[in-house]
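Engineer: Dumping the structure here so I can ask a few things about it.
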Amino acid sequence: MTRLGQAIVDLIVHRRRSWLVALLLVLVAGGVIGAMKEATRTTSALDGLPIGAESTAVVEVLQTFPQKEGSSAVVLYTATNGTLDEPTIAALRTRLQGRIAGPLVVSEDKSAAIGVVPVTATGNAGISAAVTSLRTDLKADPPAGVTVQVTGPAAVQADLGAVFQGANTRLLLATAGVVALLLLITYRSPTLWLVPLIVVGIADRLAAVLATHVLKATGVAWDESTIGILSVLVFGAGTDYALLLISRYRDELRREPDRYAAMRAALRHTGEAVLLSATTVVLGVLTLLLSVFPTTRGLGLASAVGIVVAAGYALVVLPAVLVLFGRWVFWPVVPRVGQTALVDQNSFWRKVGDLVAARPQRFVVGTLVVLALMAGGLTQVRSGLSQTDQFLSKPEAIAAAERLAQSFPAGNSDPLVVITEGDPAAVVAAAKSVPSVASATPGQRTDRYAQVAVVLTPQPGTDAARTAVRDVRAAVHGIPGTIVGGTEARGVDAADAASRDRGVIFPIIFVLVLLALLVLLRSFVAPIILVGTVILTFLAAVGASWWIFTKVFGFTALDVGAPLYTFLFLVALGVDYNIFLVTRAREEAAVHGSRAGMLRALSATGGVITSAGILLAAVFAVLGVLPLVVLAQIGVIICVGVLLDTLVVRTVLVPAIALILGDRFWWPRRVAPVERA
């Protein structure tokens, strides 16, 4: 450790200063949280849309229209028995008079009727209030034998907003509860679990406040899910760092009678690994700033702030607080001087290491075959969730859209929006030339633009609907100044943008993680192997999760954004456990040689890394408390990936490869001049 590093350790862990450091940072956090609170912002229709996409340009143009008719609701009247008779239809027309744009449309079989209601409100809160008011008014005393439902883009947005009402609080409570339970199980102490939980909890609230203010100051967009995912990340990473530090501190207490000296030793040994791990994650999440999705950029910047705060509190506040309590905080399993250190115990993980060391080639081949078989599920993955498949539980807007498709062309609930600077009649004619177009109707005009609504026949979200969007675009692009948007078009553009993001961000994450490991290990072989195993873990996790999605949950597709988020978190967080393992292996190898060093490292870190992995997997699984398919998919993939990494890759594959290579694992660095068994 450098002189500066040693000076920082001495400042944090000191018989007369530790309490002051802890108190000062806790008071600062409390003051910031209480005085600043989380920043807020007015959401925009452009937040979740890819920058520069054609459908995004349509939304921007629609905002220049006099009434900003960028959204609409579709009122669906359905006959509960048989058909709608003429008196009932007349009554419905009267009820909707002055509300709908255009006539009430009755299906051919007269089983249903629809009317399009313009929604002029803006922002999530405004649209939600408008849709709620519309539903309340229309459902009050409907005609006998008629069911009223509201769907369309505005209704879907309102139902999506309802999902997040109180969601961050539920997510925070669920995350804290899972962390508390697993810490209690890990430490089997009625007191110790409280210390990291409280420290990480303070870090989480501070991170939320700082992140939102950084986002607001830099003009980067964020949405309701950003802070929820940030909490999961801070709790997961912060608790992982805490587990590593406490494990080493416990070991040092078995050697050192002075708890301050023990904590200084623990902090010296773990600080480098935690700092490099946190740096790797921060650099990884900052690559999201290269995304073309504004809210994805927001998540990247917020996550970077969160990891910095989590690492800072784990390395500064936690050791200062722990050392104040003394050994009794570990009660009833209090570490005493002279007890056998974990690295020297004949533990379960030492036995696992010996088993792997006996036949390392077999374990390498076996684990690679298992991971390859799991990755085979990738060949079956279908990407692109439809709007109706985004919710775990079906809200009214989705149920109504499905019912509407039984009586009308499927695209009636949410037609394409075509904007043209040319002749709208030419646009109508061009659109109608496409076989999958049910109708094309001119709409509102300004001095510069005209609007045309194009209804598609394919079911929204299907491959046929996406093909229809491309066909309509090809047909109307011959008319100068014509662009195509709407929900279905946004889905097409989002898929294209997500593919672009993966092509740009994946390689950068790979290079950043590799460079971080090269700097830490000053080795060429080990970093390549470690990064390779993490990427293989990601592929296996996605493949295995696809089977879970299709066979257990009944999901029909993978959200286009899920691969990017899961790759980022699995590679950036997954490499943490390898960093924790190999830094300890390097330390032990300097004394005992490469072979014995790896086995001793596995014995020393096996329990804590496995506990950290299980905790992180459980924390990300908590995303399932939000009824959105994309968050459930992200949670499941990361959960599976982290468990694979901690229970298979880091436990078996990496040690087996290191044992086979011996000193070559560290090439060109030589960690031990003499190999000792």
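Glycine too: its Cβ is placed from the backbone N, Cα and C atoms.
Annotations for this protein, taken from TrEMBL, read as follows:
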TRANSMEM  171-187  transmembrane segment
TRANSMEM  194-215  transmembrane segment
DOMAIN    206-324  domain 'SSD'
TRANSMEM  227-246  transmembrane segment
TRANSMEM  273-293  transmembrane segment
TRANSMEM  299-326  transmembrane segment
TRANSMEM  363-381  transmembrane segment
TRANSMEM  504-521  transmembrane segment
TRANSMEM  528-549  transmembrane segment
DOMAIN    533-659  domain 'SSD'
TRANSMEM  561-580  transmembrane segment
TRANSMEM  601-626  transmembrane segment
TRANSMEM  632-661  transmembrane segment
Engineer: Do at least three C-beta pairs under 8 angstroms join the transmembrane segment (632-661) to the transmembrane segment (299-326), pairs 6 or more apart in sequence?
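Structural biologist: When sequence-distant Cβ pairs are counted, the transmembrane segment (299-326) does not touch the transmembrane segment (632-661), since fewer than 3 lie under 8 Å.
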Engineer: By a Cβ-Cβ criterion of under 8 Å, what residues six or more beyond either terminus of the transmembrane segment (528-549) are in contact with it?
Structural biologist: 368, 370-372, 374-378, 380-381, 510, 513-514, 517, 555, 558, 563, 566-567, 570-571, 574-575, 578, 582, 633, 636-638, 640-641, 644-645, 649, 653-654, 657, 665
Engineer: At a Cβ cut-off of 8 Å, and with pairs 6 or more apart in sequence only, do we get at least 3 pairs between the transmembrane segment (273-293) and the transmembrane segment (504-521), yes or no?
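Structural biologist: As far as Cβ distances go (cut-off 8 Å, pairs 6 or more apart), the transmembrane segment (273-293) and the transmembrane segment (504-521) touch.
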Engineer: Where among 171-187, 299-326, 601-626 do we find the most Cβ pairs under 8 Å to the transmembrane segment (194-215)?
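Structural biologist: It is 299-326, which has the most Cβ pairs under 8 Å.
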Engineer: Which range out of 227-246, 299-326, 561-580, 601-626 gives the transmembrane segment (171-187) the most CB pairs under 8 Å?
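Structural biologist: Most contacts with the transmembrane segment (171-187): 601-626.
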Engineer: Residues of the same chain, at least six outside the transmembrane segment (299-326), with any C-beta under 8 angstroms of its C-beta?
Structural biologist: 12-13, 18-19, 21-22, 25-26, 191, 195-196, 199-200, 202-204, 206-208, 210-212, 214-215, 218, 220, 222, 225-227, 229-230, 233-234, 237-238, 241-242, 245-246, 249, 259-260, 263, 266-267, 271, 274-275, 277-278, 281-282, 285-289, 291, 565
